[in-house]
Amino acid sequence: MQKFSYLYCPLWAFSFLILISLTPPSQCIDLLSILGGGRKKKKEESVQPVSEDKARDYLQQFGYVGLAADFGDVKQTLKAAVRKFQEFAGLSPTGELDIRTKKKMAEPRCGVFDVQAITSGREAAFKWRKNRLTYSILSFSSDLPRSNINKAIRKAFDLWSAATPLEFVEVPSHDDSADIKIKFASGSHGDPWPFDGRGGVLAHATMPTSGMLHFDESENWVYMEPEKIASYRYTDLLPVAIHESGHTLGLQHSRVEDSIMAPFYQETVDDNGNYIMPTLKTDDIRAIQEIYGPRRGGSSRGSNSDRRGSDREDFGGFGSRGSSGREDFGGFGSSGRFGSSGREDFGGSGGRSSSFGGSRWRGDEDSEWTTTERPTTRHRGLFSSLWSKWMGSDSSPRVRAREADMDSERVNSRESRSFGECPRTIDAFSKGANGVGYFFEGSKVYEAKGSLISKTHSLRLLFPNGPVYVEAAFFNDKTETMLLFQSHNVYAFHYSQGKYVLDKAFPKRVSGFNPVGGMMWIDGHQFLFSKDDDFAVYDEYWNQANSVNKLSSYYPGFPKAVKGGFTEDGNIVTVFTTSRVYQYDASRKSPVGDSQSISSYLGCQ
């Protein structure tokens, strides 16, 4: 019996080796995956780091540094670009091109820029101005049955349709009128962005209204097949289709790691080899609804080829995400996620409780809200402006009297109050290290915990070698950096060992924009505001104020001359002007409740 067993085992093994040798390589991988229980390989084992030359090309290719940069002579440019990529990719922003960073660069991803130059006139480019969109599939992949490709594209558009008023209708491939044209191609294929072969860039798409969506045919495409996906030798078409269709609707890359609009390929198999259905995350839904608004009643699946919607020009939301952003920037996204809520009157707080009074905002002729019906520019002489800046007056006697009445009612209702010195007007506001708030007024900085002043600082002692006064400020909690603006100059302070230290490379001059306020937006982008209706997105790594546009075009009802602010509850933004405090719902694009004076907000005596 032992002799038989001895002979049997080698015969079994020999037969198995013959089976493997006769099996095509791709099927052999599948067989081994099945024998191994379908468990997913470790991602680290499947990704090899890129070389330093490839890393530099990568940073240029995806917009982290200009094509003209000479890395050999400008090491700081490389360090800043690496740091920005690391921050975008969710890595520790060291600025060092380490193994972890190189491995991240080696991951399969979308071919669309992460960082794009933001230009004016974007509102006409990054939004479809109708709710019924058509698409056609011009060519298919040889890897999959056409029916599976159709299903993947349909599922992708259905997800976006469920969150918005958009409807998608497939039309024949010969229909040149299709809004979005989809195809599989390889190498150079008729656009400026040739594919790079298997791995690397999986697909790319363009913003509205060009409607181009291309998949790299060199990839090994599958559709919801967990055994193959788990081997890392195949790419699931569904998450890529969802991501790229998001670009065709106006979304750019998100900084949120689990967002479907993050630039890197989304895994759809868990550690046990089970399929994970890709979905839109909160960041994705917020971003797309900032462009088109939410779906309001009716079916979200009425987009089959036999459905005929209406080409309405009436749409909720305006603009595009482009940064965030994400990128976008906030309600704007990485490279611009601009938006407005259309013509709906949301009134009030949209169901959220507010400490700002009633549930509906009541305006008057002296309001600072940006509306065409109530112009708010106050004409004052130079002496009057300087006197107001340093002595604390920013409104007419009639307005001050009305505010005093409102303040007395609110202050009397507060259980806690600030004691000691307390500002009634401010030059700037920003959050700071450890979550405190800083109210800048002339040469003083008032530190607040919550809405109560806890202490007062000298500006020059708190921020040594800094500006003599501050016109705009914001704090980047990822890098522990406070940026202070005085006219066209910016100062960067790093928070270390309990104090702020001026960066040796600062101050620097910011050309092209003179800020009077600033704040970190809901997606982490840095906004600068002008004294009128203009805003810009500030890039601290390149020291540039990008995309100067009108606030009222994208956020109707947003206050003018904002000095600073902060976000809470996701979409609710609290903003400060010289003497007033407002709340604004960035998702609904509408004010929340009544404004109040800063002194009332702080419970000043």
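Positions of Cβ are set from backbone N, Cα and C atoms, glycine also.
Unlike curated entries, TrEMBL annotations are predicted automatically.
Per TrEMBL, the feature signal peptide maps to 1-28.
Listed by sequence, the residues of this chain that lie at least six past the ends of the motif 'Cysteine switch' (108-115) yet keep a Cβ under 8 A from its Cβ atoms are 62-64, 84-85, 88, 193, 195, 199-205, 235, 240, 243-244, 247, 252-253, 263-265, 327, 334-335. Taken from TrEMBL, the feature motif 'Cysteine switch' covers 108-115.
Marked as Ca(2+) 2 binding site by TrEMBL: Asp179. For the recorded site, Asp179 (Ca(2+) 2 binding site), the DSSP three-state label reads coil.
All protein chains shown were included, and the count of other CB atoms within 10 Å of the CB of His189 (Zn(2+) 1 binding site) stands at 15. In this structure, His189 (Zn(2+) 1 binding site) belongs to neither helix nor strand by DSSP; it is coil. Taken from TrEMBL, the feature Zn(2+) 1 binding site applies to His189, Asp191, His204, His214.
If you look up TrEMBL, you'll see Asp196, Gly197, Asp216, Glu219 marked as Ca(2+) 3 binding site. For Asp196 (Ca(2+) 3 binding site), applying a Cβ distance below 8 Å and a minimum sequence separation of six or more within one chain yields Asp216.
Annotation for Glu244 (active site): spatial neighbours Cys110, Ala156, Ala203, His204, Ala205, Leu213, Phe215, criterion Cβ-Cβ under 8 Å with sequence separation of six or more. In the three-state DSSP scheme, Glu244 (active site) falls into the helix class. Summarising the annotation, TrEMBL assigns active site to Glu244.
Per TrEMBL, the feature region 'Disordered' maps to 291-377 (among others).
Annotation source TrEMBL lists compositional bias 'Basic and acidic residues' at 304-315 (among others).
According to TrEMBL, the feature region 'Disordered' maps to 392-416 (among others).
Feature annotation from TrEMBL assigns compositional bias 'Basic and acidic residues' to 400-416 (among others).
The two recorded residues, His214 (Zn(2+) 1 binding site) and Asp179 (Ca(2+) 2 binding site), have Cα atoms 14 Å apart.
Residues Asp196, Gly197, Asp216, Glu219 make up the record's Ca(2+) 3 site, and a Cβ search at 8 Å around their centroid adds Ser186, Phe195, Arg198, Gly199, Gly200, Val201, Leu202, Glu217, Ser218 from the same chain.
Each of the binding-site residues Asp179, Asp191, Asp216, Glu219 was scored by other CB atoms within 10 A of its CB, and the lowest score goes to Asp191. Listed in sequence order, the residues Gly111, Lys183, Ala185, Gly190, Trp193, Pro194, Phe195, Met212 complete the 8 Å Cβ shell around the Zn(2+) 1 site centroid, once His189, Asp191, His204, His214 themselves are left out.
Of the listed binding-site residues, namely His204, His214, the sparsest CB environment within 10 A is found at His204. Taking CA atoms as the reference points, Asp179 (Ca(2+) 2 binding site) and Glu219 (Ca(2+) 3 binding site) are 26 Å apart.
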